[in-house]
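Participant: Take a look at what TrEMBL says about it:
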type	residues	note
BINDING	Ser47, Thr227	Mg(2+) binding site
BINDING	221-227, 246-250, 315-318, Ala370	GTP binding site
Amino acid sequence: MEPKKTKDLKEAFLRSRTIDAELNEERKKKQREVQLLTLGSAGSGKSTFSKQLRVLYGDGFPEAERVKLRPNVYSNVRVAIKRLVRAMEKLGIQFEREESKNSLCFLAGVFRRECWNAALGLARCCLRGLQWLDPEMGDAQDLSENLVSVENGQHCYELCADDKLSLEETVAIRALWQDKGVQDAWEQRHLYHLAESAKYFLDNIDQISTETYIPSVQDILYIRLPTTAIEEHEFSVNGLTYRVIDVAGQKSQRKKWIHFFEGVTAVLFFTALSGFNELMDDDDKVNCLHDSLDLFRDLAYNKWLEQTDFILFLNKHDLFVEKLKTTSIKSCFPHYDGPNTPEDCTDFIQGEFLKRKPVKKTVYPHITCATDTNLMKTIISDVHNIIVDINLRRVALL
Ligand SMILES: Nc1nc2c(ncn2[C@@H]2O[C@H](COP(=O)(O)OP(=O)(O)OP(=O)(O)O)[C@@H](O)[C@H]2O)c(=O)[nH]1
Ligand SMILES: [Mg+2]
């Protein structure tokens, strides 16, 4: 019979070999899998980046999927025209043409229906509050967050997402968009909040209102639909599995982000360069770029992200270049005294971000236009190489 000591040794050896094999398998799996957390203010381009991954490495939005997004295009058109008209009131701008008032009257009926929908949304929130009184259903925090997001107009994108744009509505919207007063309000959009893609959709109102309209991939990239719940997407990119976590950028939603800090391979931080002369949608006292800089600093110094590298996307560069033709970044950075060229201004803003990180933290900046698929293909390929590097270092430490 085998002595007990030898038997124990054999068993211990086998156990250790199994553990080694499991660790090896785990390491290999980790080597192939990266967790990417997209962070940044509302509207900075986080979801558009995920959409580009889907275009380039996923199913590319097949027609059946694109049809489903048609109501979102209509919703963007309605929200845009409503905000433009409201801004005219606020800015004291008059319609150029008398007939525009009739168009507005007609649309007011549509907007009223929307108000009913909003009231319905609030009623649903109240119901949730009542459910909270019963400890087994919902929670109070959920109620207050929903109320905040209704107040911020976050839900209005979903509330006016009818599946049809009637002929009368199309005619009225087109007439208003062509009115000089509305165009003046568009020119002054930095004074209130309006999605930049408004022009893209309003210019194409004739095409998108046809019965046979199916949004193109480009249309989908331009749709503005604020993220309201954390979304996870998985893509296979050059042999790596990307698990991308897309969060809601609104101020009221940011406290939820911390739950996703653990196990992150890299943070993809998005900022909208063009926000330098804009106010936030959810806090109209705060400049968008200043908010983004503060947010970046808070995250770069966050102790849970101490070991995590950041990839910084200086996004909406196309809109930034356009704005610089008429506006100086001095409105945002009064101490800036360099030339107002896109190169100098981008360099300066990049420097402002890099100033707001701990010395030891690695941040990889990229200048991007998230709606441009060709450009993003190159950017994602560069970012991929960085992610491979980060991942190799991370796995070596395991
Ligand atoms: N012109 C232009 N538009 C962009 C760019 N990046 C994003 N957009 C548009 O900006 C809007 C907001 O982009 P999203 O990707 O939804 O922003 P987000 O960061 O996910 O916002 P939240 O979900 O609210 O946190 C969309 O209408 C996009 O089409 C860009 O580089 N250039
Ligand atoms: Mg989003």
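The backbone N, Cα and C atoms fix where each Cβ goes, glycine too.
Please treat TrEMBL annotations as automatic predictions, because they have not gone through curation.
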Participant: Could you tell me which of these binding-site residues, Ser47, Thr227, has the fewest other Cβ atoms within 10 Å of its Cβ?
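Facilitator: Minimum Cβ neighbour count within 10 Å, taken over the binding-site residues Ser47, Thr227, occurs at Thr227.
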Participant: Expressed to the nearest Å, what is the distance separating Ser47 (Mg(2+) binding site) and Ala248 (GTP binding site) at their Cα atoms?
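Facilitator: Cα-Cα distance, Ser47 (Mg(2+) binding site) to Ala248 (GTP binding site): 9 Å.
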Participant: Would you kindly give the Cα-Cα distance separating Thr227 (Mg(2+) binding site) and Leu221 (GTP binding site), rounded to the nearest Å?
Facilitator: 14
Participant: Which binding-site residues from the set Ser47, Leu221, Thr227, Asn315, Asp318 come near ligand 2, judged by a Cβ under 6 Å from any of its atoms?
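Facilitator: Within range of ligand 2: Ser47, Thr227.
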Participant: Around the C-beta of Asn315 (GTP binding site), how many further C-beta atoms are within 10 angstroms, looking at every protein chain?
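Facilitator: There are 28 of them.
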Participant: Do you know offhand how many angstrom separate Ala248 (GTP binding site) and Thr227 (Mg(2+) binding site) by C-alpha?
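Facilitator: Each residue's Cα considered, Ala248 (GTP binding site) and Thr227 (Mg(2+) binding site) end up 5 Å apart.
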Participant: At the level of the C-alpha atoms, what whole-angstrom distance separates Asn315 (GTP binding site) and Thr227 (Mg(2+) binding site)?
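Facilitator: Their Cα atoms are separated by 18 Å.
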